[in-house]
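Going by Swiss-Prot, these are the annotated features:
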DOMAIN    88-246  domain 'CP-type G'
BINDING   137, 138, 139, 140, 188, 189, 190, 191, 192, 193, 194, 195, 196  GTP binding site
BINDING   270, 275, 277, 283  Zn(2+) binding site
């Protein structure tokens, strides 16, 4: 069997990759030392990768193959992972490839809405030129509409926002439309209802779910590997593991300011072209914060994220 076929990786479990060709059966594939990749660094294969594979004889009911080439990725979602033999080092891990948009699942409560997490994703999405859809789940717990206070700043930034309830179905059809004909990477902290929402959207119980831990108030992780699912009516979703440390690859103390888009119109007025918008005299961004033209919480978020970046 020397012919090669093309397909998309829909699941990654360890060193095993499930590839789908469209109309054909799923194929269980592995890589070999001669596998060629057009992507430098990070892991060789990720969910969403387009690959060429060579079928091989199988002793099981499921077809098997060998991946011979991984095509260049249009976009990636990454996180950092520790290199076990030397925990002082980290390596980038691609957990989703060739995505059209990032869908950040948050919740009104249990766990509470986390604006700092939203800001990290906004920075990443801006840096990767990817749209971010902010989904707020569990709005059935928000009888007084309190979440709108948290969302006002993001609405003012023209962010895409969808309010849903996996419990009573509110907003699910609107969310379907926002996902139609796109490859969307679902991400977010555990406990926000990500797996429950995917099960609703896909129309079958594909993923395990878990409630928030009563002891810690934090979610219990149920996703341990990435997987891609087709949506009825068009589109695909990639379920990604809970990201404990979202990787802002390429974001530095020098360029972070460019990804807080509300800063951009004030930056040319700063006294110094290299202004970090922290302590410099004549900073137009700080003046805009003081006058209320830039949201103070967003500015504090910028300072916190700036401090977390390597020198």
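Glycine is no exception: its Cβ is also placed from the backbone N, Cα and C atoms.
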Taking the residues the record says bind GTP (137, 138, 139, 140, 188, 189, 190, 191, 192, 193, 194, 195, 196), how far apart in Å are the two Cα atoms that sit farthest from each other?
19
How does the model score the domain 'CP-type G' (88-246) in terms of mean pLDDT?
86
Rank aside, I only need the closest one: which of the binding-site residues 270, 275, 277, 283 has its C-alpha nearest to that of residue 139 (GTP binding site)?
277
Measuring Cα to Cα, how many angstrom lie between residue 275 (Zn(2+) binding site) and residue 188 (GTP binding site)?
32
Is it possible to get the count of other C-beta atoms within 10 angstroms of the C-beta of residue 194 (GTP binding site)?
30
Once the chains shown are all counted, how many other Cβ atoms turn up within 10 Å of the Cβ of residue 137 (GTP binding site)?
27
Rounded to an integer, what is the Cα-Cα distance in Å between residue 190 (GTP binding site) and residue 283 (Zn(2+) binding site)?
39
What is the Cβ neighbour count of residue 196 (GTP binding site) at a 10 Å cut-off, with all protein chains included?
20
